[in-house]
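A.B. asks: Before I ask anything, let me first share the structure, which is written out below as structure tokens.
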Amino acid sequence: MALLEMKHITKKFGDVTALHNISIELEAGEILSLCGENGSGKSTLMKILCGIYPCGDYSGDIYFSESELKARNIRDTEEKGISIIHQELTLVKNMSVLENIFLGNEITHKGLTADNEMYLRCKNLLQQVQLDADPNTRVGELGLGQQQLVEIAKALNKQVRLLILDEPTASLTEKETEILLNLIKDLKAHNIACIYISHKLNEVKAISDKICVIRDGEHVGTKDASTMTEDDIITMMVGREITSLYPHEPHEIKDEILRVENLSAWHPINTHIKRVDNVSFSLHEGEILGVAGLVGSGRTDMVQCLFGSYEGKFEGNIFINQKQVNIKNCAQAIEHKIVMVPEDRKKHGIVSIMGVGKNITLSSLKSYCFGKMVVNEAKEEQIIGSAIKRLKVKTFSPDLPIGRLSGGNQQKAILAKCLSLNPKILILDEPTRGIDVGAKYEIYKLINQLAQEGIAIIVISSELPEVLGISDRVLVMHQGKLKASLINTALTQEQVMETALKE
């Protein structure tokens, strides 16, 4: 019998059916990838499995290790050996690695915590997940990839038999991702099953035994991973064939709009360290300029200098339309028609408790005001409605808190906010991070449309196929230096990486 069986699961929120008659099976030591667009029902299904939505809140049956599972809460499922690691990690940053791993599961003898035993156990767990860290290290001092490994060690400490990973590599470097995927394969060898949720289809293909696709709350199908291509997965996810993930519309590249000369930036704290080292480049109207490089190459630092949001010291010459400008803060950048979609949308891009509409107009309120204080609400509503329609933001209402939207729809709303400022230069830092394939495709189409309208666009992405798929020209950076500016005529990933790494 299978380790996990979920049979005919249906979940409703009021009159809205979030899941309809979904069934999945998983064997011990098997890796099942769960794919679907944001809002398809993946998270709802996992919340049912983990006891976040308790027995009675849904219809259908769940069997785990040949016994019926009627979980009332997460504690019930953890005791059975089911653990979930969310995209937003749940570790307590101010506590040590050891304290996080044993939180709520302390080893005690006669009412006293067995500190030495926990320390040795923690060392052993960290060894299992290949994390070279002292158990007494504060979690906040670790990188995201290392914190992810602490979460897995915590699950192993609870005798996990089924590990659920939700977008585990969204914020990880390529090296950290490789370590994590190898660890999952190692867990598989020890008969631990895994449900893997990711929008990165290359990872899904590399790691999975089976791939299950959910669309609009319905089970589209589960197939052997070896029989599926990435295009097959995309077609099942979106319900239509996408002939090219990177749509390319011809657009005219016109005059130079931006020129940067000798831009340098220093670390905000360790001021002797250069994060950007004497970088010079140009950008033209209607051009899509990709910026490629490994983590730490200085890409984000460079564009933050252009937008006036860099926290440390920076210097250099910036010219817009051949005229030298002084940009020391975001307000000055916006005055010069430069806008930016930031890398961390939740931290820097949205006010999560505010409505979608208010987020869209937040940066351009001055243009909807009578005088300095009174907002022209009719004009504001018109702008909001037009922006939501143009960018296809899926929301029940403009007043819905933006934090309740999917990542893709949040990103579209941030783009709408930027476009409400009528920019001439648009900077996009990781524009599709944590976004499903359908939303990515729509954002790529929008980037092309904006280039056709003459907007100059800078795109930073950790995904090389994305940079190569949408850019007219690619800047290659490494350790703060600009290594090359390459015209994108049949550029390959290998050529870009070779350029970045060669001395």
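Along the chain as shown, the residues are counted starting at 1.
A Cβ is built for glycine as well, from the same backbone N, Cα and C atoms used for every other residue.
Grabbed the feature section from Swiss-Prot, which reads as follows:
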type	residues	note
BINDING	Gly36, Glu37, Asn38, Gly39, Ser40, Gly41, Lys42, Ser43	ATP binding site
DOMAIN	4-241	domain 'ABC transporter 1'
DOMAIN	258-499	domain 'ABC transporter 2'
A.B. asks: Through the lens of DSSP with three states only, how would you label Lys42 (ATP binding site)?
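C.D. replies: Assignment for Lys42 (ATP binding site) reads helix.
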A.B. asks: Let me know the most crowded of the binding-site residues, choosing from Gly36, Glu37, Asn38, Gly39, Lys42 and counting other Cβ atoms within 10 Å.
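C.D. replies: Per the Cβ count, the most surrounded site is Gly36.
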A.B. asks: With an 8 Å cut-off on Cβ distance to the Gly36, Glu37, Asn38, Gly39, Ser40, Gly41, Lys42, Ser43 Cβ center, who else from the chain surrounds the ATP site?
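C.D. replies: In sequence order, the nearby non-listed residues are Thr44, Ile214, Ser406, Asp436.
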A.B. asks: So of Ser40, Ser43, which of the binding-site residues has the fewest other Cβ atoms within 10 Å around its own Cβ?
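C.D. replies: With the binding-site residues Ser40, Ser43, fewest surrounding Cβ atoms within 10 Å: Ser43.
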A.B. asks: Which of the three DSSP states, helix, strand or coil, fits Glu37 (ATP binding site)?
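C.D. replies: Where Glu37 (ATP binding site) sits, the three-state DSSP reduction gives coil.
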